[in-house]
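*Asks:* If you look up TrEMBL, you'll see D:6-28, D:40-60, D:66-90, D:97-115, D:148-169, D:201-219, D:225-244, D:251-273, D:279-298 marked as transmembrane segment.
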Amino acid sequence: MLRIEKRLAPASSKTAIAGAAALAVIAALLVCAVLFALQGANPLQAYASLFSGGFGDWRGIGYTLNKAAPLALIALGTIVAWRCGFAYLGFEGCFVIGAAAATAVALAVVPDRWLAGVPFAVFLPICIAAAMLAGALWAASTGWLRARFGGSEVLMSLMGNYIALLLVQYLVSGPMRAPGGLPQSARIPQETWLPLVIEGTRAHAGIGLALLAALLVWVLLRKTPLGYEMVVAGLNPLAARNSGIAVGRRVLQASLLAGALAALAGLVQVLGVQYRLLDGMSGGIGFIGIVVALLARLHPLWVLPVALLYGGMSVGADSMQRATGVPTSITFILQALTVLFVLASPWLLRYRVVWQSPRAAAGRPLGERNG
Amino acid sequence: MAAPWLHMRGIVKRFPGVLANDDAHLAVRRGEIHALLGENGAGKSTLMQILYGLYQADAGEITLDGQPLTVGSPADAMAHGIGMVHQEFMLVRLFTVAENVALADRQSRTLDLAAVAARITEVSQQYGLQIDPQARIEQLPIGVQQRVEIVKLLCRDARILILDEPTAVLTAGEKDRLFAVLRRLASDGCAIIIVTHKLHEILEIAERVTVMRAGKTVGCVPTAGSSEAALARLMVGRDVTFTAPRPVQTPGPVVLQVEDLSTTDERGQQALRQAGFCLRAGEILGIAGVDGNGQSELAEALVGARPSSGSVRLHGREMRGLDTASRRALGMAYIPADRRRAGAVMELSVRENALLGMQNLLSHLAGLWRDEARISAHAQRLVETFGVRTASLSFPAGKLSGGNLQKLILGRELMLKPQLLVVEQPTRGLDVGAIEVVWQALLAERQKGTAIVLVSAELDEILTLSDRVAVLYGGRIAGLFDNDGSAALRESIGLCMAGVGASASQADAAANQAALPEQECHAAH
Amino acid sequence: ANPNKTTKVALLLSGSIADGGWGQLAHEGIVALQSTPGFQAVFTENIGQAEIPQATRGYADDGYDLIIGHGYEYGSALLEIAPEYPDTKFFVSSFLPEPSVPSNIQYADLAYYDASYCAGALAALISEKRAAVGFVGGGDNPTQQRMLRAFVAGAERTVPGIKAAGIITGEYGNAARGRQAAATLIGNGADVIWHAANETGIGALQAAAAANVKALGCYADQTAIAPAVVGTSLRIELGEMVKTIAKSVADGSFGGGGEWHPAVDVIWSPVAGAAGDHNPKIISADAWQQFRAIWADVASGKLKVAGILDA
Amino acid sequence: MDSLSILDAAFLSTWLAAAIRLAGPVLLAALGEVFAERSGVLNIGIEGLLLIGALAAYLACGLSGSSWLGVFAAIVSGWLASLLLSWLYVTVQASQVVVGIVFNLLALGACSLVFRTTGEVTGGQSVAMFPALQIPGLSELPWVGPALFGQPVLLYVTLLLVLVASMVLQRSRFGLSLRAVGENPRAADAAGISVKRMRHAGVWISGGAAGMAGAYLMLCEVGVYRDSIVSGQGFIALAIVILGRWTPWKVMLAALVFGLADALQLSLQLLGWGLPPQLLLALPYALTLLAISGMFGGKSVQPAALLMPHQR
Ligand SMILES: Nc1ncnc2c1ncn2[C@@H]1O[C@H](COP(=O)(O)OP(=O)(O)OP(=O)(O)O)[C@@H](O)[C@H]1O
Ligand SMILES: Nc1ncnc2c1ncn2[C@@H]1O[C@H](COP(=O)(O)OP(=O)(O)OP(=O)(O)O)[C@@H](O)[C@H]1O
Ligand SMILES: [Mg+2]
Ligand SMILES: [Mg+2]
């Protein structure tokens, strides 16, 4: 007979982990298939358009890449911060701060402003530097508060998000508001837009920035003594300090880098997609980026595939909604369930299914159980 | 011979990849103090945690008074009168003593802290333990915290008390007091199981001792008529030497000069007051004292892990304002007391732990890029030189036994070829075999001319290894002695630690010595 | 136009189609089109600000003939996308953002200020204490600010001596805050409340009901929410708007490149559930008559609200 | 009338009344969250739980016509939803932050779908709401009377619950165990307390309380369901717990601070000073941030094991 029993230790092979995650995704798809059927839509057709929307053609791939780029950048920021023991949640704030800085610089590329007429190759580094600096300082303010006074960065950064969002809301409804005025800035000049990288799609160069960032973060954490110090400081600050690692400084550096990466995501969104600063343009991306990082198990190279999958799924969800006309709430449910089930999937690894003849089961001595 | 009261038979416990208990036995009688002995990793703690319901055995049975007993949880254990004092105290630091005692009290459904406090007072008076029920745990010294643990059990009428390495953090005086309480309890009919690595303590307190090796029980012998050597042989399977000869050698030039060093503890209390001493190459200075008298703070202040005022000079160079990294670069090394929490990174491999502190040396491009080949070679050499028993270099350090982990940390620091080594409690919790290895390593380092500051709560250890001994009391250096190995010395150190023996002249001498300029340092020898 | 061709219409919404107002009314137009021969109509709701470009291009690439961006959020995004899809028509239910726009995109001036002015006038007319009337606004944007000013002008010009005040809550979807805004106005003397804040406005009506002061609904017929106090609701005929624009695309009369200006009585209508256009228990016949006169004057252009506001 | 002056009694009392009304539901949700966090779980999912409670209250009250039945349904459904949360937080030990964030998305989708399919059970009408309870005599007091003594019954229930929560946390065996689990789970485990059971209980309490807070929102403030009804109040509740340092009566004061700032932002518009509303809205968050930064001491007030999973 089939029996489910608890393992001594959770299965830890890569196949087991991937298999459990795949099971989780299938379970989410099955649950939502019922919802589709109840709404009178054909689940198979829905899932076909879910897949083809995000990956089925170049156009969809272009959107997927655009979605993935900022997600990946925020996830990389998460990795740097969290691996250094800085459980920062303020990426929503860094994102909009970075977006605001990028917009401000891009809006200076007009006649009579300080960047009038600079070529893109000059503009871009300046803009990236400005955005990253703004985000870095924003995140590092929390890092500094923690290093200096010992407050919890988890809670502080949650509060910081509101302040950043309200600050940007103030900017777009006040000082940066475009004439004529909706709560948004003027459109940035076309010369400052990120170039498109795939013919016939909207895919912009942001994905290249994300790729580069992933490589750099991987190199930092795996190949450099600095990264080693950050990881050690994250795993055991006390031991790190005793062995001569300046933990406070590493945390501050990690928070600077994390904020800079999330701000870069904001820049990518402004220069690549929105072309202006808007109220509410983050829309939770700072948190989804954290989700991506965790699904990638805080590994910088896994971030890209996970971000692409997540991005593709939300692009696909749009086209699924167009194709089936079901309420968007079902796509919310599908996305949320998929993530929750994947997060829960390690739980499956604690158990295994064993085949056991009934006789053997009866003959087992009492107490000989696995703990 | 009376039938055992508590009997554990054929206990098997598997952890992933480890057979922690393999057919282990334990038989304890009513009113008996029973010791459990074994090398690090022999499975003592595991066996006790099974008895206390924290782990479930894979096989085997437990009987109490001949009745089979199932302990599914600590609550079960307590219901049967089994209580445990863990190596790491299980106290909520922000709670008061009364709240901590009430926490584990399953008897009443309501919370009546006043009644609990009254009971604490009653029990502690009965056994001569002095405890203020309203004190917050974080304000209490270690020795008192342990008393709280015991009172916790007594308030719940525990009849079988398990103590896992209870003396590892206690001073001689505290230990004596603990033993008095244990004897008292035993005479009242309790059974006490005590896990310890200190053979003389076993001979002193226990009636019988069960010895474990690699998860198995290898024997149960009465202590009467036994000796330390015999126990050690039983446990390790070979003869063990208990003394390490400290060869006579003339110390070299002054390495470390400390003047007026003061610092505070976590709570902002003055923990170290104007300490001063100097130390020469090839010399070991033992820092003795009752735990919590500023020893840790002194060590941390020396290596820059704790902000301090005053002067620390290494080879005449002022260290003030330098952080740990810079001080290490200038030749300091540090082995903290709590190896698991402060000395190594449990999640990382042996190889990555061997790298700790050397990450910038074992690199290309002046610290920009890791040099993997040299890192591996370094780790390999460390493991070989210091005999760290590990499955591979990629084995997680957290899964090493205490002794092996200590060897790893010791080796790591010594391979930095430090001029000054600050080491705290180097053998705490280690078995006699491992202690031997560590002592030899420290003496070899002394021979190479390294100056060593040795902080230890073990007076024996200090007297075995040190050339000179400083006693800390209340954050002050209350006495500074040359170690002549005499019995009188041991006595005066003991008195000094208790804060009574520090005669005015000695204290003055210490204070003077603190201010000694370099030449007088020479003259002192 | 080819009579055999189906016209494909897509409606994009930032909020929900079940918001009981702005989104729901436009969605009703889509539902109507779905049963109209010659039309295929779909919608996507809850589109975040950042998703607008992608959602719009998705429909445009799928070959939709008309894409309606419902709300100010779409103003600039669709303006940027329209030139890429010359064969697709775009419509945004908000003001013209720049003087000249491509010929395949149309904006709308939905007579908000005219309606607000009339609402202010009616509020003042039905105020019993004739001391103060109040307005609760939604998002903090110039349209809402100007609606507030139109409301104030309508009230204070119609009943001299009355004071009109308003609070812009900053959100369209926060009913609890809408309630407190209205309660604040009532506490400071207002005895008639109007709102233009969608779900936030529901809270405003509840505050009026709780304090038993008169209220006027907005966007949809909101009589049911607080039957005892809502005298009438100014319903905005967004369903009609959707149908009108869709038909103009189908028959080729789409007037792109500028702004659509329906008169106030075309795009707004007073409704009060079963009671018809107003609840006589709350609005006296006399007040209603005076309001109707103002309404007609504004609709005919005899009374120019824009002129008053810009003065 | 020229009543819009800041020193006017009407201005002050309406400001205070609005503040208290805004504070009520978040205070209730925050009280529950105190239990979750005191046990070591940061339950970011209360935003979603509030929404679930609001919908349950709307449906139950709309179908039965009884407000109290609405409250009951909200508590039960909040608790049911928290079963999923506590399984993920405590049993699976998935990242609490991520579970909470994603749960909020799930709750929004599910509530929206349920509302769509069940439709307007009331035909667009408000459900039966709790009226403001005028406490005779007291509610006529000048300045504070209407604000303090003219509120719906659930506010008084909430204030009572502040007292109950205080007593339970400080004076009961359950509270002691819960706090121990949040401070030192290993010690609690060794004392025979089931860490998991206490944490499940903490999350369930926050589920029930957040559900009830949703009912508060629905049955005292809004009356009809919309997807946007909660609009961030769950997150404000989180902030309030922090500002109130995990202590019920301080949480109550913190809720009042938030309510006062929010209501002041509304009231000040009547003065026409033209202050950017964002400034006042950001104020309580900035205050909270400073309060938890450790700059003013007390860095260890946070439950020591918050966010830390426990394994033997
Ligand atoms: N939680 C665990 N997971 C995996 N292995 C464990 C665990 N606990 C103990 N072990 C292993 O079980 C063996 C026995 O450990 P145990 O703690 O019982 O030893 P011990 O005799 O108490 O050692 P020490 O003298 O150092 O305290 C060790 O080899 C250890 O590696
Ligand atoms: N989480 C764990 N996973 C695997 N092995 C563990 C774990 N925790 C402890 N061990 C093993 O259990 C053994 C005993 O642990 P214990 O905490 O008693 O440390 P120790 O070796 O006695 O050192 P110390 O006395 O300094 O605490 C260790 O030797 C270690 O190998
Ligand atoms: Mg042990
Ligand atoms: Mg040990």
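Numbering starts at 1 and runs along the chain as it is shown here.
Backbone N, Cα and C define each Cβ position, glycine as well.
Context for these features, please: burial, neighbours, distances.
*Replies:* Non-local neighbours of the transmembrane segment (D:6-28) in the same chain are 50, 142-148, 150-152, 154-155, 158, 161-162, 209-210, 212-214, 216-217, 220-221, 233, 236-237, 240, 251-252, 255-256, 258-260, 262-264, 266-267, 270-271; each lies 6+ residues outside the stretch with a CB under 8 Å from one of its CB atoms.
Beyond the transmembrane segment (D:66-90), the same-chain residues lying 6 or more positions past its ends with a Cβ under 8 Å from any Cβ of the stretch are 41, 43, 45, 48-49, 52-60, 96, 99-100, 103, 107, 127-130, 154, 196, 199-200, 203-204, 206-212, 214-215, 218-219.
Listed as Cβ neighbours of the transmembrane segment (D:97-115) (distance under 8 Å, sequence separation of 6 or more from its ends, same chain) are residues 42-45, 47-49, 51-52, 54-55, 59, 81, 84-85, 88-89, 225, 227, 234, 307.
Same-chain neighbours of the transmembrane segment (D:148-169): 16-17, 20-21, 24, 27-28, 31, 34-35, 38, 71, 129-135, 138-139, 141, 175, 178-179, 209, 215-216, 219-220, 247-249, 251-252, counting only residues six or more beyond its ends whose CB sits under 8 Å from a CB of the stretch.
For the transmembrane segment (D:201-219), the list of distant contacts is 24-26, 28-29, 31-33, 35-41, 43, 46, 49-58, 61, 67, 70-71, 73-83, 85-86, 89-90, 127-130, 152, 154, 158, 161, 174, 178, 181-182, 225, 229-230, 233-234, 237: same-chain residues at least six beyond its ends, Cβ to Cβ under 8 Å.
Sequence-distant neighbours of the transmembrane segment (D:225-244) (same chain, 6+ residues past either end, Cβ-Cβ under 8 Å): 25-27, 29-30, 33-34, 37, 44-51, 54-55, 58-59, 104, 108, 111-112, 115, 210, 213-214, 217-218, 250-255, 257-258, 284-285, 287-288, 291-292.
Proximity of distant same-chain residues to the transmembrane segment (D:251-273), defined by a Cβ-Cβ separation under 8 Å and at least 6 residues beyond the stretch ends, is recorded for 4-6, 11, 14-16, 18-24, 26-27, 30-31, 34, 159, 162, 236, 239-241, 243-245, 280-281, 283-284, 287-288.
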